Amino acid sequence: MGEAAPKLTPTTVAKRSYWRWSRHDFFPEPSFNSPNSYRSALANTCPRLKDRLLSRSTDDHELNELPIASENTMRRCLTAWDLIWLAFGAVVGSGIFVITGQEARLTSGPAVVLSYAASGFSALLSALCYTEFAVEVPVAGGSFSFLRIELGDFVAYIAAGNIMLEAIVGAAGLGRSWSSYFASMINNNPDFLRIRVDSLKPGFNLLDPIAVLVLFIANGIAMSGTRKTSILTWLSSIVTTLVIAFIIVVGFMHAKTSNLVPFFPFGVKGVFSSAAVVYWSYTGFDMVATMAEETKNPARDIPISLIGSMSMITVIYCLMALALVMMQNYTQIDKDAAYSVAFTSIGMNWAKYLVSVCALKGMTTSLLVGSMGQARYMTQIARSHMIPPFFALVHPKTGTPIYATLLTTISSCIVALFTSLDVLSSVLSISTLFIFMLMAVALLVRRYYDRESTSKGDLLKVVSCILVIIGASVVGTALWSMDMFGWIGYTVAAGVWFLATFVMSFLPKQKSPKVWGVPLVPWLPAVSILTNLFLMGSLGSEAFWRFLICSSVMLVYYVLVGVHATYDVEHQNNRESKIAEKLEDANEGVL
């Protein structure tokens with residue numbers, strides 16, 4: 001199989017330059033030492049895949065062993081104050097300014113307020129699940145590490161692929177939005193600064209060099225240091241808050257209750273269809289979980305920042321949406337520049353520039369925080385060898401993962417150059433909701449299953465309850481989407497979901513949170529599973545096809561590379577542990 005990679009020690013690490021890119025840095029595993037060793041690895045793909053399907057990581061492994069691969073540590077420099085504004089900066093970007101008008105005009109009318117409330121509730125449930133994990137396993141991997149511990153390597157890899165997709169697509173989407181808003185300020189044409197190439201397919205034929213430039217600048221700042229980026233983010237987020245307060249106050253000063261009638265012009269279905277779309281406005285809070293490794297006191301700061309920021313953002317979004325639909329009748333709202341046109345309609349032409357600047361600034365801070373969080377996801381994924389460990393390296397001076405940041409920067413720049421925003425948004429929504437659903441499942445597994453003490457009978461009960469909860473949620477969502485069987489179908493699906501959750505509530509819990517835990521388990525995680533699947537089902541079939549195509553590409557890479565790299569590392573570590581135990585036993589015998 002070839003010679004194993006040498007184990008790094010503090011001495012060898014200190015002598016190695018950060019700026020290196022040898023083949024061994026990318027593929028140090030024995031399976032990739034030679035063509036013969038790789039052919040041998042491919043021949044053993046099935047047993048290795050079975051091994052990976054059954055493998056689980058541990059809290060200790062993620063916390064203490066994987067970070068060694070980065071050679072240098074990230075600096076603990078963030079407080080609850082920093083994290084609150086990082087969450088605010090990550091979440092409050094273009095979504096509220098771009099999507100609100102579109103959904104109010106075309107899908108939900110004044111009830112878009114309830115769409116934001118429903119999406120905010122779902123996002124808050126997901127934030128609760130993230131918080132419990134981040135407090136107990138404060139590492140850079142976020143959901144990837146949490147899923148690897150509870151659901152295993154294979155599920156974690158699927159999540160990792162979607163995290164990378166979310167990172168690249170999300171950054172590219174923000175870059176394109178930034179370019180559109182900036183161009184609209186100059187010429188009232190969002191495509192003014194783009195280059196049309198008629199030979200390319202529509203949706204990919206408007207090249208956007210401004211988006212590429214913005215992405216490079218934002219990621220360059222993120223690479224310079226965590227503390228600097230954090231200070232810049234919370235200062236600019238405070239400015240955004242003041243502008244949003246102005247929008248809300250002035251909006252309500254010119255509000256007319258008559259504009260709220262009819263409140264449900266598109267019915268209840270329109271509310272939930274909009275909720276699936278406006279959920280994009282809430283994405284980004286999970287980036288805070290990836291900053292846990294750089295947080296001074298994760299047990300205190302992460303719950304305060306995640307729950308506090310998401311509650312605050314939900315209230316702000318609902319107030320902004322309500323101000324818009326009360327200023328203008330939903331039939332008159334401009335779907336592309338809702339707030340700017342609304343202020344123009346009340347004679348405040350200058351305010352449209354304030355709104356545009358606020359949106360641009362919000363997108364810029366979202367890019368800054370996003371580039372920080374995305375790079376930390378990549379770092380932990382690389383530490384596990386699911387992608388080359390080269391991308392796990394942390395720079396000794398900046399304390400940031402420069403190579404991981406460059407990976408997301410270059411990838412997102414390529415996507416942003418060619419791909420339109422409507423193509424990007426549907427892929428991003430379904431990928432994000434899928435990961436949030438898995439996080440709720442992982443929390444249930446963490447509370448009800450312990451690999452050392454849970455009997456096979458209890459495990460079967462836990463798995464059965466979770467599968468029924470997921471199945472009932474999927475069936476109920478499908479019935480709603482296809483408008484079949486009416487309230488009878490919804491009642492049956494809801495009853496099955498309730499019964500499975502009720503039964504699970506009587507199963508013995510194997511673990512209790514050490515510091516902070518989600519209340520009302522299993523009910524809140526089960527509701528999170530339901531809401532995330534429901535919102536996924538409200539998206540169009542095209543989003544699912546793109547999601548399936550991207551997941552298929554990820555699986556090909558996993559079978560050809562990822563499964564062999566992680567298998568080698570796992571079994572090499574096991575061999576080293578057994579040797580260490582034998583040496584320890586021998587020393588005790590001599591003594």
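Quick reminder: no glycine exception, Cβ is built from N, Cα and C everywhere.
Long-range Cβ contacts of the transmembrane segment (83-101) within its own chain (Cβ-Cβ under 8 Å, at least 6 residues beyond either end) map to 112, 116, 174, 177-178, 181, 230, 233-234, 236-238, 240-241, 244, 277-278, 280-285, 287-288, 291, 295, 301-302, 304-306, 308-310, 312-313, 316-317, 320-321, 324, 333-339, 341, 355, 358-359, 362-363, 365-366, 368-370, 372-373. Positions annotated as transmembrane segment by TrEMBL: 83-101 (among others).
What TrEMBL records for 113-134 (among others) is transmembrane segment. Beyond its flanks by at least six residues, the transmembrane segment (113-134) meets 100, 103, 142-143, 145-146, 271-272, 274-279, 281-282, 285-286, 288-289, 292, 298, 302-303, 306-307, 310-311, 313-314, 317-318, 321-322, 325, 436, 439-440, 442-443, 446, 513, 516-518, 524-525, 527-528, 531-532, 535 of its own chain at Cβ-Cβ distances under 8 Å.
Residues annotated as transmembrane segment in TrEMBL: 154-175 (among others).
Annotated transmembrane segment per TrEMBL: 204-225 (among others), in sequence order. Note on the transmembrane segment (204-225): residues 171-172, 175-176, 178-179, 182-183, 191, 193-198, 232, 364, 367-368, 371-372, 375, 398-400, 402, 405-406, 408-409, 412-413, 416-420, 423 of its chain, located 6 or more positions outside it, place their CB under 8 angstroms from a CB of the stretch.
Taken from TrEMBL, the feature transmembrane segment applies to 231-253 (among others). Within its own chain, the transmembrane segment (231-253) is flanked in space by residues 81-82, 84-86, 88-89, 92, 221, 316, 319-320, 322-324, 326-327, 339, 342-343, 348, 351, 354-355, 357-358, 361-362, 364-365, 368-369, which lie at least six positions past its ends and keep a Cβ under 8 Å from the stretch.
Among the features that TrEMBL reports, transmembrane segment is placed at 260-282 (among others).
Outside the transmembrane segment (302-325) by six or more residues, the chain places 80, 83-84, 86-88, 91-92, 96, 100-101, 104, 109-110, 112-113, 115-117, 120-121, 123-124, 127-128, 130-131, 134-135, 138, 244, 247-248, 250-252, 255, 259-260, 278, 281-282, 285, 288-289, 292, 295, 333, 338-339, 342, 516 with a CB less than 8 A from a CB of the stretch. Annotated transmembrane segment per TrEMBL: 302-325 (among others), in sequence order.
If you look up TrEMBL, you'll see 402-421 (among others) marked as transmembrane segment. Same-chain neighbours of the transmembrane segment (402-421): 18, 164, 167-169, 171-173, 175-177, 180, 200, 203-204, 206-209, 211-212, 215-216, 219, 222-223, 371, 374-376, 378-379, 382, 390-393, 395, counting only residues six or more beyond its ends whose CB sits under 8 Å from a CB of the stretch.
Sequence-distant contacts of the transmembrane segment (427-446), counting only residues of its own chain at least 6 positions beyond either end whose CB sits under 8 Å from a CB of the stretch, comprise 122, 125-126, 129-130, 132-133, 143, 146-147, 149-151, 155, 159, 162-163, 165-166, 169-170, 173, 276-277, 279-280, 283, 286, 462, 466, 470, 504, 511, 518, 521-522, 525-526, 528-529, 532-533, 535-536, 539, 543-544, 546-547, 550. TrEMBL lists 427-446 (among others) with the feature transmembrane segment.
Here TrEMBL flags 458-481 (among others) as transmembrane segment.
Annotation comment: TrEMBL describes 487-508 (among others) as transmembrane segment. Sequence-distant neighbours of the transmembrane segment (487-508) (same chain, 6+ residues past either end, Cβ-Cβ under 8 Å): 444, 448, 458, 461-462, 465-466, 468-469, 471-473, 475-476, 479-480, 522-523, 526, 530.
Among the features that TrEMBL reports, transmembrane segment is placed at 515-537 (among others).
Feature annotation from TrEMBL assigns domain 'Cationic amino acid transporter C-terminal' to 516-565.
Note on the domain 'Cationic amino acid transporter C-terminal' (516-565): DSSP counts are 40 helix, 0 strand, 10 coil.
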